[in-house]
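Accompanying notes for the structure given below.
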Amino acid sequence: VLMCQGFISFTFYFAGKSDINSGIIASIFSSSAIFSPILFFFIHKQKLTLYDVAGCFAIVSSVLVIGILGGSGDDSESASSDLLISIGLALGAGFGISLISLFAQWAIVSAKYNPGQIFYDGNFLYGCLMLYLYITE
């Protein structure tokens, strides 16, 4: 959870530096809908249906259209590198969200862990980290 929250925070930091619309970058987080079926296929041998493949295709094509139509006019070298960093972090966050869903599935089904407790524990740890970073800033 902490890794994913960190990726999301830094994604928006670099998106702001590259002067691109944050909504475009946020749409890349939907890549978790691509990563999750792939992870579950390889780990749990779950098969993809035609609806799964069509949904993944629709998400990827929608994100591409949003990215193409909403591009920034700033072509400077630093803005370009910040944009690439932001896109990489957004993809990392999408993968992190997929890993969280994989962990949650294991914790709830195999370890019989309370889903609410997973939520509370993860957010408590994230809050402690953000409080520490705020105080030391």
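Cβ from N, Cα, C; glycine included.
Pulled from TrEMBL, these are the features on record:
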DOMAIN    5-66  domain 'EamA'
TRANSMEM  20-43  transmembrane segment
TRANSMEM  50-71  transmembrane segment
TRANSMEM  83-106  transmembrane segment
TRANSMEM  118-135  transmembrane segment
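Of the recorded ranges 50-71, 83-106, 118-135, the transmembrane segment (20-43) has the largest number of C-beta contacts under 8 angstroms with 83-106.
Taking Cβ pairs closer than 8 Å, the transmembrane segment (50-71) reaches residues 20-21, 23-24, 27-28, 30-31, 33-34, 37 in its own chain, all 6 or more past its ends.
Summarised by DSSP class, the composition of the domain 'EamA' (5-66) is 54 helix, 0 strand, 8 coil.
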